[in-house]
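Working notes, beginning with the structure itself.
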């Protein structure tokens, strides 16, 4: 998608400019290639000391800064509960009994949410996620607002999250003293971009300093610049918590226009739509969105980071989902689209639920012994281009007829579009149309692929349309004396979410004529 790539280039340019906007004393950073040890450690009271030597400065991050002072970062920890859902309780970091005085139930689920670069803790997506979490159950949501440290230059913000991770870890360690034997099993850190790595630092600090292990971390498109191709403890890793799940939505190297980390780093790594070029993030369909924001500049910011922000939009929708949100394990997204991985396995081990409810599903499979904790699961699925993003998956297998009419007409170049129906007469609920990858369709050949559209729970029939592709440059696609058509023998539809397969056929070998749809039902076979 050209426009989506152009938007990432724009964001890269902005990041470069803002990285040059602040000058920092040379005592505050280290250049890897200078191999200097001068002022290589700086301490921040009870939160510990931080170094700039390896692995914090390396070939992958040749420039590394110390975190700024607390007075500059001005972190705030905002507590939301069902009783305090409008006006949050603000933790006093100087209070020796900070957790005891907080109006929270320590035995209920506790969520920590962290924003990323150039954001604040009161940004709209965090408010919406907090709202959805409070709807899902009685819980406490702690928002890490580090807006004072998320400003340019980017390299400084990267450094600041190390200190913020340590501060947050101290706060959560106090929580553990009130949870009895549960430890931190009920604590879940959710972070976007730089916030994802901040969650990693929370986990590492808890382990190293307090001998505690965080229950769960959800990394929402963890930032790639300064973190790609590094290792723990520099970046978020599966070792940072008992369960780490990652949502990759802008997964390509920064120099190739990506903002999110590419490599799998969690117990489960989700790659919606292949992990990049998200539907709806191209110029044509997203342009109108710019002007519907609260301000033009907010719209611009959302547009240029469209792929990157899809991660928290998808995750937020998964908290109180309106559909199943199933994902499938596969070696690659291309194989997934070709239908080569369209099975959940004997014990359902290849299909995992996406997002918020993914851990409970993962734990069920783990308890049955059908998956191993040391395994890394690469999960793929398809979304819509606008909210609601959740879609159901269907594997379509089409056999082109070998009848005399079909052979005489020969093959055609085009695309098949499918609409799922809940009734055999086509008068009931039906899905939106979804198309298979186009190409040449030859008599007697079989073609298959995966599409995603609305979930039809009682699948009874399929409406099919043939869209003919003609090119003035290709004489083989010209149809002057005949109408573009294709003869279908049989179509098999496998519905993943409802676990149902139906086989349908056209009535009396009637061809599909370009531009006209036809209802295919099982009784015609």
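Every residue gets a Cβ built from N, Cα and C, even glycine.
Sequence annotations record features per position, and here TrEMBL assigns active site, charge relay system to 193, 221, 308. Among the features that TrEMBL reports, Ca(2+) binding site is placed at 235, 237. The feature domain 'Lipase' is assigned by TrEMBL to 43-359.
Locations of recorded TrEMBL features on the structure.
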residue	record	Cβ contacts under 8 Å, 6 or more apart
193	active site, charge relay system	116, 117, 220, 221, 222, 223, 259, 260, 308
235	Ca(2+) binding site	197, 200, 222, 227, 261, 265
237	Ca(2+) binding site	200, 231, 244, 265
Taking the Cβ of each of the active-site residues and counting other Cβ atoms inside 10 Å, which one has the highest number: 221, 308?
221
Pop the mean pLDDT for the domain 'Lipase' (43-359) in here, whole number is fine.
92
Provide the three-state secondary structure of residue 308 (active site, charge relay system) computed with DSSP.
helix
